[in-house]
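Okay, so here's the structure we're looking at.
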Amino acid sequence: MKNAFKDTLKAGRPQIGLWLGLANSYSAELLAGAGFDWLLIDGEHAPNNVQTVLTQLQAIAPYPSQPVVRPSWNDPVQIKQLLDVGAQTLLIPMVQNADEARNAVAATRYPPAGIRGVGSALARASRWNRIPDYLHQANDAMCVLVQIETREAMSNLASILDVDGIDGVFIGPADLSADMGFAGNPQHPEVQAAIENAIVQIRAAGKAPGILMANEPLAKRYLELGALFVAVGVDTTLLARGAEALAARFGVEKNLSGASGVY
């Protein structure tokens with residue numbers, strides 16, 4: 001068994017990604033052909049569930065782009081289900097300390113190394129027990145990325161980096177800026193200083209730093225500092241802003257007056 005995303009991180013080669021929030025296998029396949037190294041299937045802020053994650057994994061599978069799946073929480077039950085449908089690389093949100101990082105790793109490993117439940121006969125991940133010796137190979141193929149998104153997590157970064165089985169640490173600029181008192185302003189100098197320091201610290205510890213940043217100069221700056229997995233856009237934003245720009249070129253103005261509410 002191989003995990004190309006994990007192998008590339010270990011080799012120290014940067015990977016450029018795109019965030020998927022449309023929760024749709026058709027758009028996921030469309031974007032899988034765009035050339036990004038990795039695609040993040042978001043279960044935290046997008047309307048995904050295990051079934052929609054499965055269909056997107058199937059849609060991306062024929063393409064070189066590598067899928068990364070973000071569950072809604074650091075929950076071993078949810079993690080087990082995502083691994084069984086074929087996710088190998090997980091991005092665990094809102095990890096605050098080393099204990100939570102250890103819990104995330106344990107949820108991805110079969111016993112005795114962890115607590116992942118054994119159900120390989122039912123699992124796409126094992127090709128329904130068609131992969132020889134899957135139970136003994138699976139642990140090494142798992143890639144665990146944890147998100148640090150608060151001042152508390154930043155203060156615990158050194159101990160998080162010491163946790164065996166953590167392959168990368170992803171800095172969440174939106175939540176971090178809010179926690180630091182600069183909601184909606186991840187480009188504030190204090191936030192940027194925290195991000196840059198974290199990238200350097202993560203890389204120095206032998207782990208892979210990651211981030212989502214649609215601002216192109218900042219994304220390139222993070223890559224220069226040593227970030228190894230950087231998402232540079234979001235599918236919903238590309239679609240919304242692209243459609244708005246096209247409409248504007250023909251003199252069409254946005255009109256939301258008929259919208260009665262969020263429903």
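Glycine too: its Cβ is placed from the backbone N, Cα and C atoms.
Here is what Swiss-Prot records for this protein:
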{"type": "ACT_SITE", "residues": "His45", "note": "active site, proton acceptor"}
{"type": "SITE", "residues": "Arg70", "note": "site 'Transition state stabilizer'"}
{"type": "SITE", "residues": "Asp84", "note": "site 'Increases basicity of active site His'"}
{"type": "BINDING", "residues": "Gln147, Ala174, Asp175", "note": "substrate binding site"}
{"type": "BINDING", "residues": "Glu149, Asp175", "note": "divalent metal cation binding site"}
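Secondary structure at Arg70 (site 'Transition state stabilizer'), taken from DSSP and collapsed to helix, strand or coil, is strand. The two recorded residues, Ala174 (substrate binding site) and Glu149 (divalent metal cation binding site), have Cα atoms 8 Å apart. Sorted by the number of other CB atoms within 10 A, the recorded positions Asp84, Gln147 start with Asp84, the lowest. Distance between Cα atoms for Gln147 (substrate binding site) and His45 (active site, proton acceptor): 14 Å, as a whole number. Proximity note: of the listed recorded positions (His45, Arg70, Asp84), none has a CA within 10 Å of the CA of Asp175 (substrate binding site). Within 10 Å (C-alpha to C-alpha) of His45 (active site, proton acceptor) lie the following recorded positions from Arg70, Asp84, Glu149: Arg70. Within 8 Å of the Cβ centroid of the substrate site, not counting the listed residues Gln147, Ala174, Asp175, the chain contributes Pro93, Met94, Glu149, Ile171, Gly172, Pro173, Leu176.
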